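Asker: Submitted below is the structure of interest, expressed as C-alpha cells.
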Amino acid sequence: MGLCKCPKRLVTNQFCFEHRVNVCEHCMVQSHPKCIVQSYLQWLRDSDYISNCTLCGTTLEQGDCVRLVCYHVFHWDCLNARQAALPANTAPRGHQCPACSVEIFPNANLVSPVADALKSFLSQVNWGRNGLGLALLSEEQSSSLKAIKPKVASQAAVSNMTKVHHIHSGGERERTKPNGHDAVSPHSVLLMDAFNPPSAGDYASSRRPLLPRQSPIGGTDRDDNKYQRRTPAELFSRWTRRFYAPSSRPPWRRTWFLVTAGILAFVLFVYLMAWLGRGGSDAVDEGWNNPNPQPNHYE
C-alpha cells in the first residue's frame, strides 16, 4: 500500500503502470482516465503493460474510454457495441468485463468515483439503463445522447482544467482538458481551479508548507530511485544516517550508537595488535621449547 500524491493524500494499493505512482480512485477519474491501473502487487509480479484497448487493439488515446469497477479500461464505443450485441433479455450479471469476467454494473450501495463515472456512461444507453434499473430511452433520446459526450460527475469539482502529462518513447506529451490542446512540458500532474488561476508561465502550487521539509534518508528524489537496486555502500550509508538524522528520536540513541561503535573499534584494535605481536614471537619460542634441538651442520 502507498500514499497517493493528490491533495486528498489517501492510502491506496492501486498503482499506475504508466507513471509508476500510487493512485486513488479520484485520481483515476481526474488525472489518469486512460492509464493502466492495477494493484501494486500485480505490478511487482509483472510490470509490462500494453496501453491498447483489448477489444479493438488500438491505443486508448483515441476516443472516449471507460473504466470498470475492476479498473480495466476500454473504449466506450467498443464496450457499448459488444454489450449491445447481447440479447435484450440478458441479466445484469451476464454483462461482464471482457478481461476478468467481473460484472460491469456496480452495486447500488457502492460509493466510488470510478463507479459514478461508469454509471454516467451506462445511463446513456438502454442496456446500461436496464442494468441500473432506470427507465429505457426512446429512439429520439438515444440518438440525441449519442451526439453528446458523457460527462464525468467528478469533473465538476475541477472548474478550470486538468492537465495530465504522459511519457512516451518519443518524448513527453501533454494532454490538456477540456480543449485538447497539445504542448511539450515536463512530467507533472497539476490540478488548478477557478479560485486560484495560474499566472503566465507559472504553474506552481500556491500551497506552501508550514515547516521546511527535510530531505528523505536515502536520496532527495525518492520516487525516481526507490525501485533501483541498492549497493552495499548505499545500504550502510542509509543505516548510519538513521542515527545521525535530526528528528524526533530520543537523543540517547545517537550516543548509544557512538559508544557501541567506539567499543567495537577498540576491541578490534586490541585483537589485531595481540595477533600481530603473537605471530612475531612464535619463531623464538619454538627454539627454546624444543626438547630435541637439531644443531646446524656447516661444511
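Along the chain as shown, the residues are counted starting at 1.
From the backbone N, Cα and C atoms, a Cβ is placed for every residue, glycine too.
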Asker: Would you mind telling me which one of S185, S215 Swiss-Prot calls phosphoserine?
Answerer: S215
Asker: Could you give me the DSSP helix, strand and coil counts for the zinc finger (1-43)?
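Answerer: The zinc finger (1-43) comes out at 10 helix, 12 strand, 21 coil.
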